[in-house]
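One structure is given here, and the rest of the page talks about it.
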Amino acid sequence: MSLVPGTVRPRRLRSSPALRRLVSEVRVHPSDLILPMFVKEGLSEPLPLSGMPGVVQHTLDSLLEAAREAVAAGVGGLMLFGIPEYKDEIGSQADDPDGILNRALSLLADEFGDDTVIMADLCLDEFTSHGHCGVLDEDGAVDNDATLDRYASMALAQARAGAHVLGLSGMMDGQVAYCREALDAAGFTDVVVMGYTAKYASAFYGPFREAVDSELQGDRKTYQQDPANGREAMRELGLDLAEGADIVMVKPGLPYLDVLAEVAQESIVPVWTYQVSGEYAMIEFAAAAGAIDREKAIEESLIAFKRAGSDAILTYWATEVAQRLQVEAAGHMSDRDARGGR
Ligand code: PBG
């Protein structure tokens, strides 16, 4: 007999792990996870990053090894960032076929072919001596249209090196259409363009700047979005879709879940999220201090992206989580075997 007749009891569906699993609205699958990786020219050993415990700048050898591990764990793909030894005003290493990023792409393309999805960051900031995502005009301002020519050249170099997906992260106006046209004209009609559609000028990229040896002085506020503006993300979405983006992205992740949810509602193409370096660092350092349970916090953050409507997630935990999910899936099977189920 219920104490209060007619009480509606949502708790009923929370009463056992099996029931909770059955009624969970979203779940994370290894193939939803994309691993961002850093490869640096001139290293002899992988170099750990102090701002991102557990993440390294790779040598070509260690990159390949870590990529094999990620692919074996079933991740959805790999997103490469390259750090050249030599940086200049126009980021000339970015579209040089012998530049570190393009060499790394070729290496992975040779190793994996179409067995995984190989992605490249298409932006100049890792390659420029001033650290901006584009080239500068005489006054030192980022020159949108001159940058587009550099991006188109990068797109071709990355496509030739074997990238399947190009991640256009520079936030220049017209970048998607410009790169799409260059790719098509050169016959790379199957190379996928992923637009960083809503990319905010964010403090949460802090540790990434160390990861790519960024030379940036100042900020990126003239091209990345103002954190106050949600509506503007929808304008960017309209443009990226009209320009032919195959996939759109919202970045950072957790601080922008509202933007993600709205983009996911409206988009007619897949929507991805980037759980950025600062989000990674917050959980790692808070867990190291004993303030939160590391694995549970990671899991909950990924679930939040799925719930908000993200199809895939770029996360530095991709391999670890994919491995854990594989083990869990195997565990459910063997628990049942142990009980004699079929
Ligand atoms: C730009 C780029 C950045 C990140 C990914 N691509 C940095 C920036 O815009 O300043 C940040 C990713 C992260 O913080 O994990 N090439």
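Every residue gets a Cβ built from N, Cα and C, even glycine.
Feature annotation from TrEMBL assigns active site, schiff-base intermediate with substrate to Lys199 (among others). Sequence-distant contacts of Lys199 (active site, schiff-base intermediate with substrate), defined as residues of its own chain at least six apart whose C-beta falls under 8 angstroms from its C-beta, comprise Ser169, Met171, Gln224, Gln225, Met249, Val250, Lys251.
Among the features that TrEMBL reports, 5-aminolevulinate 1 binding site is placed at Arg209, Arg220. A coil conformation is recorded for Arg220 (5-aminolevulinate 1 binding site) in the three-state DSSP classification, outside any helix or strand.
The Mg(2+) binding site annotation in TrEMBL covers Glu236. Same-chain residues at least 6 positions away in sequence with a Cβ under 8 Å from that of Glu236 (Mg(2+) binding site) are, in sequence order, Thr197, Ala198, Gln225. Secondary structure at Glu236 (Mg(2+) binding site), taken from DSSP and collapsed to helix, strand or coil, is helix.
Secondary structure at Lys251 (active site, schiff-base intermediate with substrate), as computed by DSSP, is strand. According to TrEMBL, the feature active site, schiff-base intermediate with substrate maps to Lys251 (among others).
In the three-state DSSP reading, Tyr316 (5-aminolevulinate 2 binding site) counts as coil. Feature annotation from TrEMBL assigns 5-aminolevulinate 2 binding site to Ser277, Tyr316.
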Within 10 Å of each Cβ, count the other Cβ atoms and name the one among the binding-site residues Arg209, Arg220, Ser277 with the highest count.
Ser277
For Tyr316 (5-aminolevulinate 2 binding site) and Arg209 (5-aminolevulinate 1 binding site), what Cα-Cα distance in Å is obtained after rounding to a whole number?
15
Which recorded positions, if any, among Lys199, Arg209, Glu236, Lys251, Ser277, Tyr316 have a Cβ under 6 Å from ligand 1, given in order along the chain?
Ser277
Between Ser277 (5-aminolevulinate 2 binding site) and Arg209 (5-aminolevulinate 1 binding site), what is the CA-CA distance rounded to a whole number of Å?
9
